[in-house]
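Data first, discussion second: the structure below is written as structure tokens.
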Amino acid sequence: MRALLIYPLFPPTFWSYEKILELVGRKVLLPPLGLITVAGILPQEWEFKLVDRNVRNVTEAEWDWAEVVIISGMIVQRDDMVENIKEAKAHGKLVAVGGPFATSVPDEVQNAGADFLILDEGEITLPLFVEALERGETAGIIRAQEKPDVTTTPIPRYDLLELDAYDSMSVQFSRGCPFQCEFCDIIVLYGRKPRTKEPAQLLRELDYLYELGWRRSVFMVDDNFIGNKRNVKLLLKELKVWQEEHQYPFRFNTEASVDLADDQELMDLMVECYFDAVFLGIETPDEESLEFTKKFQNTRNSLADSVDKIIKAGLRPMAGFIIGFDGEKQGAGDRIVRFAEQTAIPTTTFAMLQALPNTALWHRLKRENRLLDESKGNINQTTLMNFIPTRPLEDIANEYVEAFWELYDPHGYLDRNYRCFLKLGAPKCKTAFKLPNLVDLKALAIVIWRQGVKRDTRFRFWHHAFGILRHNPAVFEHYITLCAHNEHFLQYREIVRQEIGEQLRDYLSRQQQDKVEETVLSPTAIAAETEKVLAS
């Protein structure tokens, strides 16, 4: 069987990092780990070709070659996924679709023309798909009620990737999260009991990446890397030895809950394994909103103190913030900005709350008749809320745009970055010395020219750079990399302001039109007009 695997386009997002990737001559931040895992699960006598549409388009030769087309993606990739399903059908191909989007909204995928829907987790459903093909079936919906044992998951087919196109590779140690955040779809898709691989299993994946010549960053894509602290510590103890033996070829980052700060041993192990950054779902500094959305793990200790501990341990924080929670008070955007400034978090992803399909939030809003469009929850930073909030949407949208704009003001960003790296714990591992390549030197020269010469940030840029060299030189390379990141954020805040502004104007226009129509067609208005006619 000749299988063509297609990964749909992402729209421009906070994480697309176009301007940063341009600097270093790469096209995409991360590879499609789900699809290359699918390729590892399917029969290895099959032939595979993979096209990441974020890297390049599918060629006619590839369409002609394929016997079956397999597409997977997330909700944010909806539009291009639907287009590729239609394109595959136009080429007369059998189309199978899976992944988070198809699992969450199967009707949309089926309506687009998919033949097979391979839903839930592939370790169980992909073998059932293969059996269906062997029986001669040409369509079907394949689901699984149980969660698979991920210790049986094969090594992803990293060899199918165009490795030079990616800035970082992805590996996964665990699935699931023990918490119960109302808005989160991870616990819906993967459950609340974290399932982990064996340490030796993950090390084999790293061995394979190493054999393929990979020597850059690796992102642990676990939704909560520390969901099972016991097992993750077992992994880190073995990973530390592996990294030492291989002279630390990989720099790691990941996602974790804020209670990471409560476990010094765990943070130390991560830093000793060459983890240097962690994404934290902080969401909001408003404790009432955290409790309402059931993010109780963020209310047990001071969030500011937790972030400070994580920084001092040697892990740069990236933080996720959300605006628009039920019961939220005016000024939430300002409070988020103040918190980011207070805690010196350089990179803060920020979005208006969305009700993602089948989450607890989605079900509650559906019961309350507050969903504006049941199927179109999104996770992009340029999308208005898809439900009726408890305070005016225009207030939330305006606060959001203003806060996003302020967070990525070039002066404020450099200051926040500087304060973070002044106290960032130094790396605890000795990496092999290597000369910078020409691409990296060119990128550095561009950043210095833009931020240290051309723009009015020049004084701050040089003051802060020399300050880091003087007070914390071990983190200087990491610091300069984060300075470069604002090349993307400067552009993206313009996109946020423009697209949210356009959507808000359309929304307010529709609201006004609805009011006019309601007034014109209301029984009171009709009765009044009738009386006028009779009186005349």
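Any Cβ shown, glycine's included, is placed from N, Cα and C.
Listed in Swiss-Prot for this protein:
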type	residues	note
DOMAIN	163-394	domain 'Radical SAM core'
BINDING	C177, C181, C184	[4Fe-4S] cluster binding site
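Around the Cβ of C181 ([4Fe-4S] cluster binding site), the number of neighbouring Cβ atoms within 10 Å comes to 22.
Of all the binding-site residues listed here (C177, C184), it is C184 whose C-beta has the fewest other C-beta atoms within 10 angstroms. Confidence annotation: the domain 'Radical SAM core' (163-394) carries a mean pLDDT of 96 in the model. Taking the mean position of the Cβ atoms of C177, C181, C184 as the [4Fe-4S] cluster site, the remaining residues of that chain whose Cβ falls within 8 Å of it are F179, Q180, F183, I186, I187, D223, N224, G281, K295.
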